[in-house]
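J.: One structure is given below, represented as structure tokens, and several questions about it will come after.
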Amino acid sequence: MESQSPQTTENNPTMAHKLKRNLTFRSKWAELNGAMGDLGTYTPIVLALTLAKDLNLGTTLIFTGAYNIVTGAIYGVPMPVQPMKSIAAAAISDSGFNIPEIMAAGICTGGILLVLGATGLMQLVYKLIPLSVVRGIQLAQGLSFAMSAVKYIRKVQDFSKSKSIGNRHWLGLDGLVLAIVCACFIIVVNGAGEERNETETDVVDEETNSKTKRIRRIMANIPSAFIIFMLGVVLAFIRRPAVVKHIKFGPSSIDVVQITGHAWKEGFIKETVPQLPLSILNSVIAVCKLSSDLFPGKEFSATSVSITVGLMNLLGCWFGAMPSCCHGAGGLAGQYKFGGRSGGCVAILGAAKMVLGLVLGTSLVVILHQFPVGLLGVLLLFAGIELAMTCRDMNSKGEAFVMLICTAVSLVGSSAALGFLSGIVVHLILKLRDFGRDRSCSTINIRATP
């Protein structure tokens, strides 16, 4: 029997070949840098839940780290693992919500998303939603992240109460000057994000390559986000050297959460119902569209994304891990912005989370509590801008009109579902208007024909 040709193997890769391809780094420093792009979203929410609701940080790191590795291996792109914002915000703001209610909400949300994915309904929804409405949701989410980032930079934050407590000082280890310098550093290194793309796609002869292009290539490979994150870690120890005494080695205990009937009811009504539209739109629909935009040829079905989000929540929430994990479009945009191009980007982040969860456990919270919030704001700012910039392909005035209506309602009403409905209604009205006008024109032309 003849051996299988390389061409056949390439067209029909085995599972081992697919995993190797999905986890292979495109550029070591770029992928490492990209892994930091999601921390501006992930860290504040997880820290807030840990401080306000005693979330088991060690268990959360272990489970989300495993999710990162698995999703990186499955999808082959920097698919993020984030907390669902609506559930986290409701849990922090409501003193009556504790871990059982939060986990019940996560399990209910995950179960519904799993059913929608497994039955094919999510893929049907994905095909029917107009692109202009998806762009409106993405623009709203991106601007929301950017505005939150500016708040982190300008105001001192109390994450345990999810509110600002005063203006940030200009100087200091978490001052405005530090955040501004770091933001300028990222702009100088990464520009608007095009330099890295040019480095990856342009093949320029060495003899004709100009000095300017060589400098731009070197600059594009500087791991700006990684440098800023490591600076934040160093500053956390400088701000409070005594945190070393509070570090305890070893993993946290992993226990099954006891969920009462009342917790199921409260979690579903007060958290699952508000979260579900946002999960469908931002965690599935927008992520699928964004992945096809950023990674041509690697389009993922809404079915598979919905199923992975559902399974993550059905598994981890029973053990007290971060409630309602999702694949946020903002996290994907942030990791892409800073150089993430493969599944290896999130896999290395997942491995780091698992190591920290196993070695430091919940004691890691004392370090994160001292991390300069202004630096997290800087990372979140560029992630939000990258997500918002995906809407620049709305070329017609009609598409832009629908997108902006959807964005405005989403931002002002603080509801992606309300913005989505407004965008759909406006889109249908415009379609009916155009249909009626075209039909009238056709009638006039027929009558005018001798």
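Heads up, the Cβ atoms here are built off N, Cα and C, so glycines get one too.
Quantities reported herein were computed from a predicted structural model and do not represent experimental measurements.
Relevant sequence annotations retrieved from TrEMBL are reproduced here:
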TRANSMEM  61-81  transmembrane segment
TRANSMEM  102-122  transmembrane segment
TRANSMEM  128-150  transmembrane segment
TRANSMEM  171-192  transmembrane segment
TRANSMEM  218-238  transmembrane segment
TRANSMEM  345-367  transmembrane segment
TRANSMEM  373-389  transmembrane segment
TRANSMEM  401-430  transmembrane segment
J.: Taking pairs 6 or more apart in sequence, does the count of Cβ pairs under 8 Å between the transmembrane segment (128-150) and the transmembrane segment (401-430) hit 3 or more?
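T.: Answer yes: the transmembrane segment (128-150) meets the transmembrane segment (401-430) with 3 or more Cβ pairs below 8 Å.
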J.: Checking distant contacts: for the transmembrane segment (102-122), what same-chain residues at least six beyond its ends satisfy Cβ-Cβ under 8 A?
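T.: Sequence-remote neighbours of the transmembrane segment (102-122) are 49, 53, 55, 84, 87, 91, 257, 259, 263-264, 266-268, 270-272, 275-276, 279-280, 284, 302-307, 309-314, 316-318, 320, 323-325.
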J.: Cβ under 8 Å, sequence separation of at least 6 from the ends of the transmembrane segment (171-192): give me the contacting residues as numbers and ranges.
T.: 153-154, 219-220, 222, 224-225, 227-228, 231, 235, 238-239, 337-338, 372-375, 377-378, 381-382
